[in-house]
Amino acid sequence: MADGGCAAINTKIEEGEGGYILEDVPHLTDYLPSLLTYPNPLQDNPAYSVVKQYFVDVDDTVAQKVLFCFVSQIVVHKNGDRGIHFRRAGPRQKVYFKSDEVHACIVTCGGLCPGLNTVIREIVCGLHYMYGVSKIIGIDGGYMGFYSKNTVTLTPKVVNDIHKRGGTVLGTSRGGHDTSKIVDSIQDRGINQVYVIGGDGTQKGAAVIYEEVRRRGLKVSVAGIPKTIDNDIPVIDRSFGFDTAVEEAQRAINAAHVEAESTENGIGVVKLMGRYSGFIAMYATLASRDVDCCLIPESPFFLEGKGGLFQFIRKRLKENGHMVIVIAEGAGQDLLTESMQSMGQQDASGNKQLQDVGFWISHRIKVHTFAIRASRNFMIVADPTYMIRAIPGNASDNVYCTLLAQSAVHGAMAGYTGFTCGPVNGRHSYIPFNRITEKQNKVVITDRMWARLLSSTNQPSFL
């Protein structure tokens with residue numbers, strides 16, 4: 001299990017004409033059919049009085065795959081476009097919570113990511129300013145904070161400037177998921193809205209919490225906000241923090257390039273995040289234009305022989321006198337010696353512990369070039385991983401985090417539960433937990449984007 005738990009949620013399927021399929025998310029009325037509804041406070045909010053058709057239609061859904069290029073066909077009704085659809089995110093005319101009865105909590109789990117504090121801030125401000133909610137707490141230290149630590153009172157004043165800081169003001173941890181203790185804490189504290197920010201493992205844990213809440217018949221909405229700096233969550237267009245990571249990665253690439261070109265036969269190696277998916281390495285390479293070779297987990301490579309990495313390095317050094325290699329942390333793991341101690345070991349989140357591929361590949365390059373050329377290369381190995389993870393979100397990610405947070409708040413207030421939110425084809429949607437935890441989003445090396453990278457770097461495909 002990654003950094004949460006695991007559960008099988010029975011997806012609500014609704015079918016329409018022409019092959020239309022709605023993969024809907026659970027609702028509190030699925031197991032509490034007698035719940036009362038209330039007018040949405042937003043209808044009296046002056047900030048939204050000028051917005052035309054602000055409330056989302058009950059039948060609005062978002063197509064997972066758009067077959068036509070017309071924007072109007074991204075949001076459709078049940079008798080519309082074919083294929084899989086998701087419930088469109090946004091405020092509804094009726095809500096299932098009175099403002100003064102809401103007691104919300106926010107928890108962050110797993111690794112750090114740019115934009116975490118922005119999401120926290122916008123959940124708090126969204127609940128307070130849009131729905132008049134005043135009882136909001138933060139869970140300190142991830143899932144284990146539900147039963148082992150004190151909570152933090154959150155108000156708009158408390159969170160006002162936190163988006164300018166990296167990390168998470170609530171603290172985080174990996175593992176520590178004890179479903180019974182967590183739901184006991186939720187029940188004992190009178191919490192009725194739970195906002196869970198984290199990656200696929202965290203969302204699995206949120207799914208388990210939802211199932212236990214439902215089993216106990218509690219009026220508690222469980223909403224997830226997907227977080228992964230690697231952009232490896234499926235279905236959604238992208239994950240928050242990714243834009244910031246690519247932007248910051250370019251700084252490391254630029255520094256490695258300056259160092260490499262300032263000396264004879266200089267080689268800069270930049271190791272970036274990407275345990276199973278090489279999106280950061282790929283996009284940072286495309287944006288930089290200073291990279292000679294990009295290595296990612298999805299594209300196997302080899303070192304020796306014709307068409308191998310060593311041959312390409314010799315060729316590029318002969319042509320330019322220097323080169324820059326970007327490598328994702330999960331690339332080339334199959335080439336590392338299996339005698340290393342951490343092989344097969346896992347961290348607290350259940351992720352396989354990776355070998356330091358940056359150190360390994362730089363060492364192999366040094367040995368090879370010295371043996372062939374009987375001369376030394378100047379090597380610089382940059383690992384900006386923790387620097388990137390710890391910075392605040394950039395402008396693009398901050399806007400995106402605001403939309404994610406507000407979508408989650410609207411969904412919880414409307415009575416939806418057991419869902420995560422994110423953009424699908426540019427439209428924010430409510431997605432069942434199982435759809436974003438069943439597999440990982442990976443770079444498709446037969447796609448045009450990878451072809452663009454190969455044409456940009458002129459590196460071999462290693463096929």
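Quick reminder: no glycine exception, Cβ is built from N, Cα and C everywhere.
Because TrEMBL annotations are produced automatically, they should be read as predictions rather than curated entries.
Note that the structure is a prediction, hence the values are computed from the model and not measured.
Pulled from TrEMBL:
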type     : residues                                                                               : note
DOMAIN   : 105-410                                                                                : domain 'Phosphofructokinase'
BINDING  : GLY111, ARG174, GLY175, GLY199, ASP200, GLY201, THR202                                 : ATP binding site
BINDING  : ASP200                                                                                 : Mg(2+) binding site
SITE     : GLY201                                                                                 : site 'Important for substrate specificity'
BINDING  : THR228, ILE229, ASP230, MET273, GLY274, ARG275, GLU329, TYR386, MET387, ILE388, ARG389 : substrate binding site
ACT_SITE : ASP230                                                                                 : active site, proton acceptor
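The 10 Å shell around the Cβ of GLY274 (substrate binding site) contains 29 further Cβ atoms across the protein chains shown. In terms of Cα distance, none of the binding-site residues chosen from THR228, ASP230, GLU329 sits within 10 Å of ARG174 (ATP binding site).
Highest Cβ count within 10 Å among the binding-site residues THR202, THR228: THR202.
By neighbour count, meaning other C-beta atoms within 10 Å, the densest spot among the binding-site residues ARG174, ARG389 is ARG174. Mean pLDDT of the predicted structure over the domain 'Phosphofructokinase' (105-410): 91.
For the pair formed by GLY111 (ATP binding site) and ARG389 (substrate binding site), distance between Cα atoms is given as 8 Å, rounded to the nearest Å.
Counting only the Cα atoms, the space from GLU329 (substrate binding site) to ASP200 (ATP binding site) is about 19 angstrom.
Using a 10 angstroms CA-CA radius around THR228 (substrate binding site), the binding-site residues that qualify from GLY175, GLY199, ASP200 are GLY199, ASP200. Put plainly, the binding-site residues GLY111, GLY175, GLY199, GLY201 were compared by Cβ crowding within 10 Å, and the winner is GLY199. Nearest Cα neighbour of ARG389 (substrate binding site) among the listed binding-site residues (GLY199, GLY201, THR202): GLY199. Whole-number maximum of the Cα to Cα distances across the substrate-binding residues THR228, ILE229, ASP230, MET273, GLY274, ARG275, GLU329, TYR386, MET387, ILE388, ARG389: 17 angstrom.
Counting only the Cα atoms, the space from ASP230 (substrate binding site) to ASP200 (ATP binding site) is about 11 angstrom. The local packing around GLU329 (substrate binding site), expressed as other Cβ atoms within 10 Å of its Cβ over all shown chains, amounts to 25. Rounded to a whole number, the C-alpha distance linking GLY201 (ATP binding site) with GLY274 (substrate binding site) is 16 angstrom. Of all residue pairs in the ATP-binding list (GLY111, ARG174, GLY175, GLY199, ASP200, GLY201, THR202), the one with the greatest Cα separation is 12 Å apart.
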